[in-house]
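Worksheet: one structure, shown below.
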Amino acid sequence: MRFRRSGHGTSRLREDLADALSETGGDSDFSPEERAMLNNILRFREVRVEDVMVPRADIDAVDQSISVGELLLIFENCGHSRMPVYCETLDDPRGMVHIRDLLSYISKQARGKRRRRATATNRNGHNASVKPQSHKETNAQNVLDLTRVSLDKSVADAGIIRPVLFVPPSMLASDLLQRMQAGRTQMALVIDEYGGTDGLVSHEDIVEMVIGEIDDEHDSEEAMFTKVSEDVFLADARVELEDIAEAIGPDFEVGEHTEDVDTLGGLIFSEIGRIPARGEVIQALPGFEVHILDADPRRIRRVRVLRKRSPARRRHAARAGVAEAIAPEDMLDAGHAPEVLEEIRPADDSAETVEETPFKAVRHGG
């Protein structure tokens with residue numbers, strides 16, 4: 001494939017490349033991975049910080065008053081290499097702390113603050129050379145004595161807080177990437193028009209917009225969406241509505257909702273106007289129940305989506321389940337067959353079977 005530069009310059013070249021990427025023929029010059037990456041590059045100049053940032057509710061940050069020991073445990077559990085530091089609230093950020101600075105602080109404390117000088121002063125006030133230390137003596141000084149480390153000292157007093165970038169959500173991601181490269185930093189806090197913290201964006205977040213997700217050994221492997229059975233699904237509240245609708249089927253109708261919200265959590269919030277509590281059951285869409293499995297006062301984390309069956313389908317499933325549980329040889333006795341059928345047949349076929357659930361149902365709208 002050959003691209004020709006005309007008088008229109010870069011604009012025409014971008015159009016030619018976009019047209020080439022839109023071709024669906026079997027003899028494409030690009031692999032699916034290359035096609036996806038090139039499409040991301042073409043769209044990259046339109047991406048803003050708010051499109052790639054981690055929302056405020058998902059930010060892992062620490063107060064500057066916590067101890068060095070507490071910070072060490074937090075780093076162990078969260079799997080991050082750097083975190084924002086604030087004073088009392090995330091709306092008062094003070095910088096960031098890097099795990100390398102923390103380890104460097106502990107190492108220096110364990111070796112001792114004082115070091116021998118290369119020269120010493122004798123009683124007469126003259127400088128006297130000190131005998132060079134042997135390799136054995138040098139190794140002895142490098143031995144870490146962790147009992148010297150003050151783990152109770154606060155992060156602020158330890159002096160390991162670094163400056164952090166502050167950027168607006170409307171800033172172009174490409175401009176922030178250049179600024180990060182120039183400042184040799186990999187984290188920025190997104191500040192809204194009122195001075196509050198709106199989110200966090202890292203160098204990795206921006207790069208992933210082009211090359212796709214970069215998973216490391218600390219990234220969670222929990223699936224965003226899992227099909228448990230024909231009528232039961234587990235989902236992260238951040239799953240896209242279009243993705244979950246495609247996986248569940250056409251009866252999971254989200255068409256009109258996608259104009260206002262993008263995620264399953266957003267749909268639930270828009271339906272009830274608040275963050276539901278753990279254990280609630282929300283009637284967010286006709287024919288489905290959403291059980292809140294995990295939530296906190298700021299956001300919904302994980303849910304279970306259940307397709308509601310009609311009474312006839314529930315009776316059929318119950319009978320099929322009981323029939324499978326009865327061994328074939330147990331059904332040979334004609335005298336017991338009617339009794340078995342009588343046991344599994346509802347007393348009133350018109351009565352709707354109600355499944356017991358430990359969740360408290362909260363119905364909203366249709």
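Any Cβ shown, glycine's included, is placed from N, Cα and C.
Those TrEMBL annotations? Automatic predictions, nothing curated.
What TrEMBL annotates here:
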type   : residues : note
DOMAIN : 53-114   : domain 'CBS'
DOMAIN : 160-220  : domain 'CBS'
REGION : 111-141  : region 'Disordered'
REGION : 346-366  : region 'Disordered'
Report the mean pLDDT of the predicted model across the domain 'CBS' (53-114), rounded to a whole number.
91
Under DSSP, the domain 'CBS' (160-220) has how many residues in helix, strand and coil?
20 helix, 17 strand, 24 coil
In the domain 'CBS' (53-114), how many residues does DSSP assign to helix, to strand and to coil?
27 helix, 21 strand, 14 coil
